[in-house]
């Protein structure tokens, strides 16, 4: 549009400062007015038609001179906005106004009485034009004020800039920066900032100036006989029913606009969601791709009906083909000349400003075409950008110039369009052809032309976003101004009425609160420039009437929207006749000659868009769209972190490219890291550790690089949930956020702690050394000798815990720093975030409380059994149980002491270990059976690569390895392994199923992006294998494997089985709960390094009812003796998994059609159960875990009810048994500790005895006993006293009364994610 672009507000100066500067300029005394050259004054003419002819001829030659000089001055100012040029422009304007005044008054004086009787209609039009003085009616001082107001308003609009928050060095002009942002950004907040800032920085200072301008303009035109300025503007259309005609046209087109609005609103809703788009309300004004929401074609990519069809926006092709600005204008010129119309004269190419200057000049960027009225100098001023939209604008502006060229020989008053809409329509008529796919193909911007319905709908929708979207805006701007000029809209209601019209006609609303301090109409160029706007509404009707007529002249056959009049000289000749007529005849005559009708008519437009009208109606009906905006008062909320977060990227296409690149590069790096990690874990050497640290560093650099890039995205309004979820996950950079030196230190600490744990052993004095796996583990599982168990228990902690303690505080410090840098309160907060639940700690506490009664009954029953075996010296029936007597190094599961606690010892044995050994089972056989279970469910078998590369038993070649069982994903979609020092026993049979559960999970989600290759939450991954193990452990299944002689089935058999399961599952609950309770409190600082061990034992006492068998001090670090603590593996996952595995088991049993008690269910060979499990695993981490939970169980919550149901028979039996024996539930004598005096007995495998911490031959020990008897007794007393004192301090510590917080889960296996 010759005046339909825009510019943006001042950067450093505030709106108020601009306002005061403008007012100050207006208050300065006017400079002396320049005088009009006497030779340009009118002479004497007779007051008749002949005199009028002579008057008009004389006027023409003088007017050309004066207008040329005025236009030159205006051009100089608009292309270099300096104070000097402003002064010269105002002087030239005053001369023109003086010229208009003297000639206008002369015309009134001589011809007002007779002009209506002139026989020459052209002459009558000339005189009527000359006699209208406009601002020249004003006295000189007020005329100068009027000119100054116009210049100041234009200066404010054209030089204003918007600066980023707190960054005055980074400021944006309207062209090109703000226009580009509104066109290309999809960031709600950034768009809002650009929109709000521009409207504030321009509108606020303009308002008082505009009030004064309105008053002076009305004063001027009233003296020409008009009621106000609006009446004068409407007079250009020479129709008494003009306003009614416009209203009729608008209502004729309104249904099409309403359907387009509803369709676009739905598309925006998909992008921005319910928060910012109300499907029954107006659309926020900043989201439509344009500062004024006047055309919406810049959001075509968001609303395109058929995205897979060729892209009709050829901007990228223009750039790729090296189009420059001059070429764009040459292409437009060639279109005109192909129709036999005039080329641009040399002055056009020499003098036009086709690009924004780069020399620092302030210019008026709004595109405009200029006639210098010397019949040879015609120019365009445009800050052109290489875009398809600007290509249309170029044709539009050149249409104005072509009009100038065609009517240049008419007298000056007739050198204008037949009406203002004609002038705006001409270039747009050609643009209708230029934008067709056929024409874009002809000029090399489209590879091929698709002639199918979907491509047509895409094209017409794109055109509708430009043409139909504009109609209500083109209509309302002057509806508002006419109300301002008439006084119907006073200054106190400028903004209210502006938004009333914009909501009424456009169905848009301001995105932020606006009031009467704002002047949002002023943010549109045509308001401060005083350019009438209804011309554009008229032109949008006319251009389709012209297009239809010219296409007919060109012989076009087919749909109107496919017509291209390029190279049609017949169409050119018809158009030329219209242009050459200028203003010489009534526009109705010119229109009739062109189209066959003398009225404005929307039928051609409706015909053009008919296919897309029908398509929009169908789409809206199908989607149940509301046409209109019944909730018209709705307004969107402000974004969070506004305006600080406006620089974040919200382009989902860019985000998709980022995610693809991240995924592709991560797969390679994570595979390399996993290989190096595997090599280290299966052969602990210095060289392997160096390689691992190098790979770790590469992964950290990758994580840091892409995490930093991910943080540049604002995903809050992404509609693609997958992209949103991946980027949020990538934004958490974990340890990679640390500075390089600290990262290196952190990695070294972790490696040192894990290495210390993994290679540790304890040795007898004879040099025989025992590793944790299998030696110490076997002793703890099978020995029933109090002192032997004590020595193993204590020695392991002395060797491992004390070595790790010096490293742990720094590990905690750096872990917290990592958490802080990633936006978390501390390390525990970071770990808990994996569960995506604000109520996680409360939920876990609730689960623990539900299960505590069962644990207390189990604890009391087991304590009674241990009392029978070890006696009252070592077991207090009202106190905690010594931690080394429960068959496991950490007392986490108690199934290894099943022989001591079996409810019915005479019932058949449930432990399959003996049968496995007798039948010659091997570690490989164990895993083959596990693989068979999965495949029997219809799940995936492991590959040959798994069998070739896994480490399924401890190597016999002397290598140091990390024996802790773990499953590995190598991130290439085919390499999955297990590392386990498997022993042939039933416990490891269960663990093998657990590990194979991880492998199955890996295989099911292998095709997801790497970010989603995790469990729905960490507990899910731990639970899958354990679910199958619940079936594997049943007597029925063990019998099917020939590992038990019968399926069992009697009551005693059932209770024995459930007891064995409870020793694994129920005994584990408090242990899995407390480990991260302790670590979270270490991370949050409530447990300090001075009381690590004291608080550890406080929690173990509180939750497990256990005590250390020997005194512990702060020099000890017993948490460090558990793999997951030095290995930095969160543990709450195991608590969670132990809860949810029973929920899964219950759901899978239901799917398998199982009837009867839950503990007897075996899902082996159930394809239905397998499908349910597979569907859940395939989700990986792609959705929040409650959705995965709902998929498998039918509801989204964690619940202990399935576990309680499973153990219900045992619970009833335990309650009855404990009541029968009068057992105490709990440990009221919590201060009690076992007798620490050791019996001096021989230790197996050495033949030596322990005496005062030394290992001696039995004979030496006996001699020593007699010699040091007295000293030994004294030592015993002292030891007992010290023990009592230590535990008194410990038990009265504040931590016992501290409310605990936390989560945990299932069967422990370390996951190796990067």
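Quick reminder: no glycine exception, Cβ is built from N, Cα and C everywhere.
Annotation source Swiss-Prot lists N-linked glycosylation site at 44 (among others), citing sequence analysis. Cβ environment of residue 44 (N-linked glycosylation site): no same-chain residue six or more positions apart lies under 8 Å away.
Per Swiss-Prot, N-linked glycosylation site is recorded for 80 (among others). In the shown protein chains, 16 other C-beta atoms lie within 10 A of the C-beta of residue 80 (N-linked glycosylation site).
For the recorded site, residue 117 (N-linked glycosylation site), the DSSP three-state label reads helix. Contacts of residue 117 (N-linked glycosylation site) defined by a Cβ separation under 8 A and a same-chain sequence distance of 6+ are given as 49, in order along the sequence. Under the heading N-linked glycosylation site, Swiss-Prot lists 117 (among others), citing sequence analysis as support.
According to DSSP, residue 171 (disulfide bond) is assigned to a strand segment. Per Swiss-Prot, disulfide bond is recorded for 163-171 (among others), and the stated evidence type is sequence analysis.
Taken from Swiss-Prot, the feature N-linked glycosylation site applies to 166 (among others). When secondary structure is read from DSSP and collapsed to three states, residue 166 (N-linked glycosylation site) falls in the coil class.
When secondary structure is read from DSSP and collapsed to three states, residue 324 (N-linked glycosylation site) falls in the coil class. Residues or ranges marked as N-linked glycosylation site by Swiss-Prot on the basis of sequence analysis: 324 (among others).
Look at Swiss-Prot and you will find 365-383 (among others) tagged as disulfide bond, backed by sequence analysis. Using a 10 Å radius centred on the Cβ of residue 383 (disulfide bond) and all shown protein chains, the other Cβ atoms total 23. DSSP gives residue 383 (disulfide bond) a coil state; it is part of no helix or strand.
Every protein chain shown contributes to the tally, and the Cβ of residue 400 (Zn(2+) 1 binding site) ends up with 24 other Cβ atoms within 10 Å. The Zn(2+) 1 binding site feature in Swiss-Prot is assigned to 396, 400, 424.
Around residue 515 (N-linked glycosylation site), the same-chain residues six or more apart in sequence whose CB sits under 8 Å from its CB are 495, listed in sequence order. If you look up Swiss-Prot, you'll see 515 (among others) marked as N-linked glycosylation site.
Other C-beta atoms found within 10 angstroms of the C-beta of residue 526 (active site, proton donor 1) number 23, with every protein chain shown included. Taken from Swiss-Prot, the feature active site, proton donor 1 applies to 526.
Other Cβ atoms within 10 Å of the Cβ of residue 551 (disulfide bond) number 23 in total over all chains. Per Swiss-Prot, disulfide bond is recorded for 551-563 (among others), and the stated evidence type is sequence analysis.
The Cβ of residue 683 (N-linked glycosylation site) has 959, 960, 961 as same-chain neighbours under 8 Å, each 6 or more residues away in sequence. The N-linked glycosylation site feature in Swiss-Prot is assigned to 683 (among others); the stated evidence is sequence analysis.
Its own atom aside, the Cβ of residue 701 (N-linked glycosylation site) has 14 Cβ atoms within 10 angstroms in the protein chains shown. DSSP gives residue 701 (N-linked glycosylation site) a helix state. Per Swiss-Prot, N-linked glycosylation site is recorded for 701 (among others), and the stated evidence type is sequence analysis.
Among the features that Swiss-Prot reports, N-linked glycosylation site is placed at 720 (among others). All protein chains considered, the CB of residue 720 (N-linked glycosylation site) has 17 other CB atoms within 10 Å.
Annotated disulfide bond per Swiss-Prot: 763-769 (among others), in sequence order. Non-local neighbourhood of residue 769 (disulfide bond): 761, 762, 763, each in the same chain, at least six residues away, with C-beta under 8 Å from its C-beta.
In the three-state DSSP scheme, residue 766 (N-linked glycosylation site) is classed as coil. Swiss-Prot lists 766 (among others) with the feature N-linked glycosylation site, giving sequence analysis as the kind of evidence.
Put simply, residue 994 (Zn(2+) 2 binding site) is 18 Å from residue 1161 (disulfide bond) when counted between their Cα atoms. Distances between the Cα of residue 80 (N-linked glycosylation site) and those of the recorded positions 365, 400, 526, 995, 1197 are shortest for 365. The disulfide-bonded residues considered are 163, 563, 763, 1161; of these, 763 has the fewest other C-beta atoms within 10 angstroms of its C-beta.
Counting every protein chain shown, the number of other Cβ atoms lying within 10 Å of the Cβ of residue 995 (active site, proton acceptor 2) is 27. Sorted by the number of other CB atoms within 10 A, the disulfide-bonded residues 171, 365, 963, 981, 1149 start with 171, the lowest. Looking at 994, 1124, the recorded positions in this record, the fewest other C-beta atoms within 10 angstroms of the C-beta turn up around 1124. Residue 981 (disulfide bond) sits 73 Å from residue 383 (disulfide bond), counting Cα to Cα. Across the fold, the C-alpha of residue 1124 (active site, proton donor 2) and the C-alpha of residue 324 (N-linked glycosylation site) stand 63 Å from each other. Comparing C-alpha positions, residue 383 (disulfide bond) sits nearest to 396 among the recorded positions 396, 424, 995, 998. The two recorded residues residue 998 (Zn(2+) 2 binding site) and residue 396 (Zn(2+) 1 binding site) have their Cα atoms spaced 65 Å from each other. Of all the glycosylation sites listed here (324, 766, 948), it is 948 whose C-beta has the fewest other C-beta atoms within 10 angstroms.
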